[in-house]
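The next block holds one structure in the form of structure tokens; read it before the comments.
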Amino acid sequence: MKYGYFDNDNREYVITRPDVPAPWTNYLGTEKFCTVISHNAGGYSFYNSPEYNRVTKFRPNATFDRPGHYVYLRDDDSGDYWSISWQPVAKSLDEAQYQIRHGLSYSKFQCDYNGIHARKTLFVPKGEDAEIWDVVIKNTSDQVRTISAFSFVEFSFSHIQSDNQNHQMSLYSAGTAYRPGLIEYDLYYNTDDFEGFYYLASTFDPDSYDGQRDRFLGLYRDEANPLAVEQGRCSNSAQTCYNHCGSLHKQFTLQPGEEIRFAYILGIGKGNGERLREHYQDVANIDAAFAAIKAHWDERCAKFQVKSPNQGLDTMINAWTLYQAETCVVWSRFASFIEVGGRTGLGYRDTAQDAISVPHANPEMTRKRIVDLLRGQVKAGYGLHLFDPDWFDPEKEDVAPSKSPTVVPTPSDEDKIHGIKDTCSDDHLWLIPTICKYVMETGETSFFDQMIPYADGGEASVYEHMKAALDFSAEYVGQTGICKGLRADWNDCLNLGGGESSMVSFLHFWALQEFIDLAKFLGKDQDVNTYTEMAANVREACETHLWDDEGGWYIRGLTKNGDKIGTAQQQEGRVHLESNTLAVLSGLASQERGEQAMDAVDEHLFSPYGLHLNAPSFSTPNDDIGFVTRVYQGVKENGAIFSHPNPWAWVAETKLGRGDRAMKFYDALNPYNQNDIIEKRIAEPYSYVQFIMGRDHQDHGRANHPWLTGTSGWAYFAVTNYILGVQSGFTGLSVDPCIPSDWPGFEVTRQWRGATYHIQVENPDHVSKGVKSITLNGAPIQGRIPPQAQGSDNQVVVVLG
């Protein structure tokens, strides 16, 4: 069953049936103000932090997709009313027609009902801390119509804990007031004129308004049947205390064929509502702001465009996967309909991996995130697993947060720095390839010399920070020489404690290879020798202790008692995705062992929906292995199709030269390919999800937790750099694809260091891998394509064979 389709010309997903089996969401905002919005206009807004600066309320996991950012319409002649989005009024789909278009940082809602055509476009203008609701109402009947429009948002008390729990204070610490054309919401305890005020404004002069939620909705009612809309007029309520909303009402008389256009503006900051209300009364300014959002993403998407025989790959890579990856870089794991805003801060490993995918499209944000992570590293070399970057930003050290009487105090400086017992063994290592990729993309080699403080005092160059990360992993090894698992590795539920993690040793080896290449480029011969020797020791330990001869794969690790995890002798958790894919991705495994390991992955872990994380799933609790054994079978880390490491398998297969297998794995996970089986998938077909129920669960194939997952960044990185094979380097651009053998070729347009490269890949011999020749602007070249002049257009032809 399908509910919509991809409109690639407009980079939109079009939902033709609003009764999808779950909220399908989108992200509005590219800077500080963000709205998470569903296809039915449910969702919430926040400024910078959904934990501390929530603008509108959200009730997570509610039976219905409520509340939201709604516009109600009422036929004042008949008393009939509906909403432009299907919810919350939910008119019969036999009587009303709805269409929703999720675009890149905007969403469009359209409704045709009883001779009235209505559209609502939601977006956050660049440079503003506000959300625009651009509304058009048209009379398509042959009669004069009198139509009233009502807005509705429910304001939040700002801090999630107070908003959701401490009502004995929050109900009495805020109030609404009416100003000409707007409802102003005052967080009275907060003396800051910016963060202490929210508003909802309109470009029209309202006929009535409500600032009190319960006056607008009425007693024993909800958003589906608000009293004010039913009666055709708000009660002009505004006062201190209790629950607050923003509803502005206006009646319009429309001749046949006539349309009216106006806007609502939801935002933050005292006085900003008046300013933006006046500004957007000129609809040309609305059009210009929307055009700027379109241009923002046109510019980013243009950095890498592909035309291949695989339409699903083209659709996702040319827009949606980059969009999701950058959403994760900007908003981390802050806010979705699953992560509902109670955790402000950066997950160390999450952010380091997210950032590797977008240095070409957003180098400024990539650099910022890398600096954030380096400031969150301690002198010993490990990273703080979860931290607020503001803690260590020298420009924000003296900025005291507004103190609410209803919140838990912020942690002391000592509490911000955790010790070894709370350290995840993989966090810091992801930094190495990400920093290298950033410099390869931008050419900013001086970045390695920039001095950046450690979280626990002192400072060092970026290059020395990288060495500290590598040295930490070399020091914290077990008796076999394999890296200790510490609190956990990438798999948070694999709590090895004093045990050892094969995944981290493979990751350590990959980071070492990247660093050795960097040291060679910088001419640091002593470091080349030191870390080459370190890498050799890692390889020897891994090949000696981690290969399972009977199974023909790499084990997952060892418990603190020395018992192996992931052997052919075991009944549960025999084969694991992370260890086998990273053994190959890192370059540690030989061709022979790599092929055996990935054959085992294909045999034991593959499904039509992607690769399982492990199999068979654990059914018996074993605390030596960790919490993973106490997760339901086929769910999350225990035998689900955990999406994030799936792209590691795509990369691994390209390293082995097996393009057909790489594409088989890619196609299985690609949400585009599940667009017509939504009754199985449930989640959005334009977004990767955290996990898909595994074969040991009754809902096998159901996708869970869309948007905020490192899968998107890794999917983009794996396809662009390894399957399509277009990689930036310190000295040039390389093109070395690994594609399905039946592809005749493909085209890529790639912008790199200010020049554009139009790359034509030809595959006359139908091979998967192997470059026979490269020409640059008609001249044969060997190896990498050197940087060309800024602003130049260059023709590259690559022949495989």
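Backbone N, Cα and C define each Cβ position, glycine as well.
Keep in mind the model is a prediction, meaning the values are calculated, not measured.
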In Swiss-Prot, N-acetyl-D-glucosamine binding by Lys636, Glu637 extends, among Asp489, Asp492, Asp765, to Asp492
Arg343, Arg349, Asp350, Trp490, Asp492, Glu637, His644, Gln690, Thr709, Gly710 bind N-acetyl-alpha-D-glucosamine 1-phosphate in Swiss-Prot, but which of Arg333, Arg630, Arg681, Arg702 does that record place at the same site? Arg333
Packing count at Trp490 (N-acetyl-alpha-D-glucosamine 1-phosphate binding site) (other Cβ atoms within 10 Å of its Cβ): 23
Separation of alpha carbons, Lys636 (N-acetyl-D-glucosamine binding site) and Trp490 (N-acetyl-alpha-D-glucosamine 1-phosphate binding site) (Å): 13
Expressed to the nearest Å, what is the distance separating Lys636 (N-acetyl-D-glucosamine binding site) and Arg349 (N-acetyl-alpha-D-glucosamine 1-phosphate binding site) at their Cα atoms? 18
Report, in whole Å, the straight Cα-to-Cα distance of Asp492 (active site, proton donor) from Gln690 (N-acetyl-alpha-D-glucosamine 1-phosphate binding site). 13
Given the recorded positions Asp492, Glu637, which one's Cβ is surrounded by the fewest other Cβ atoms within 10 Å? Asp492
Taking Cα atoms as reference points, rank the binding-site residues Arg333, Arg349, Glu637, Gly710 by distance from Asp492 (active site, proton donor) and give the first. Glu637
Given the recorded N-acetyl-D-glucosamine site (Asp492, Lys636, Glu637), which additional residues of the same chain have their Cβ within 8 Å of the Cβ centre, ordered by sequence? Asn491, Cys493, Leu494, Phe627, Val628, Val631, Asn638, Phe642
Name the residues of the same chain, 6+ apart in sequence, whose Cβ is under 8 Å from the Cβ of Arg349 (N-acetyl-alpha-D-glucosamine 1-phosphate binding site)? Gly383, His385, Cys424, Asp426, Asp427, Trp430, Trp490, Gly710
Asp492, Lys636, Glu637 bind N-acetyl-D-glucosamine per the record; greatest CA separation between any two, in Å, is 11
Would you mind pulling the longest C-alpha to C-alpha span across Arg333, Arg343, Arg349, Asp350, Trp490, Asp492, Glu637, His644, Gln690, Thr709, Gly710, which the record has binding N-acetyl-alpha-D-glucosamine 1-phosphate, in angstrom? 21
